[in-house]
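A.B. asks: Starting off with a structure, shown below.
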Amino acid sequence: MQFDSWQAVIEMGGYGFYVWLSFGVSFLAIGVLAVQGLRARTKLERAFKQEQHRQQRLARRHREVS
Amino acid sequence: MWRWLHPYAKPEVVYHLLGRWLPWVAGAAALILGGGLVWGILFAPADYQQGDSYRIIFIHVPAAMFSMSVYVGLAITALIGRVWQLKMADWALAAIAPVGAVFTFIALFTGAVWGKPMWGTWWEWDARLTSQLILLFLYIGVLALYHAFSDNRTGAKAAGILALVGVINIPIIRYSVEWWNTLHQGATLTVFERPPMANSMLFPLLTCILGFAFLAAALIFHRMRNEILRQELHRPWVKAELGETSKQTEAV
């Protein structure tokens, strides 16, 4: 390792703020993108289930009427 | 060739294919990018001029590279969608653009944060930085147009045309550092020349670039699956895919 201690890793030779801000925000941006994609998937699954229930309800009513 | 390609134009087939690849691609992205970053941040030597601030390169350069290559991919997809009227090429626009936009944002942000200690300024309206900012607006424009119409095909058409027109910006970004006097340095990596970089810095950088390729693929695959599902939500194959409730519905 290039650094003697974890303290030195954080300090980054005086550039710690810039280096860790860069990596932090980049990580956050990719994380938001990934989580947003996962949540979109959950939302789609929920929309599908709702549609299924609606169709079943309609089918049941149709049977009752006929 | 067309006969061979034909089954791959079916959304269902693509959905399952991407689903099979996704865990491997995502795993490779986490492993390679994680390894490359740890290598670059902790083990690569410090730069003799920039000290440890240069370590931003390990995220800045891969993000900037792929912000452009993803755009080229977006433009090719738009071309396929316009010329061959392939609906899945249209849908891919919605999967690719957000990933490219985030990579562009990362390139701009890390560039600004790197510029502050090295150039003494967060931002300068110079050719490279400005053209990269325009790239971000292009991505946002493509996304906005795609979702702006209630008719999905109209939106995809408009977004595709913007993506195609915007491709002019790519050579401008690429050569901005040669055509104009800019603050930004020249290309770090070129295909034909040996990079002016020690192997101890070059290898972790190349690892990060490879990791970013897998990251881009994983994010795009996942979003493409979402978009296919969204478009095909009422098709029978989705019923088999998403719910056991389908049996009850069919029994009726």
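Glycine too: its Cβ is placed from the backbone N, Cα and C atoms.
Sharing the record's features from TrEMBL:
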DOMAIN    B:21-184  domain 'Cytochrome c assembly protein'
TRANSMEM  B:21-44  transmembrane segment
TRANSMEM  B:56-80  transmembrane segment
TRANSMEM  B:92-115  transmembrane segment
TRANSMEM  B:127-146  transmembrane segment
TRANSMEM  B:158-177  transmembrane segment
TRANSMEM  B:197-221  transmembrane segment
A.B. asks: Quick one: average pLDDT across the domain 'Cytochrome c assembly protein' (B:21-184), no decimals.
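C.D. replies: It averages 93.
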A.B. asks: Cβ pairs under 8 Å with the transmembrane segment (B:21-44): which stretch of B:56-80, B:92-115, B:127-146, B:158-177, B:197-221 has the most?
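C.D. replies: Per the Cβ under 8 Å count, B:197-221.
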A.B. asks: Do at least three CB pairs under 8 A connect the transmembrane segment (B:92-115) and the transmembrane segment (B:158-177), leaving out pairs fewer than 6 apart in sequence?
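C.D. replies: These two segments touch.
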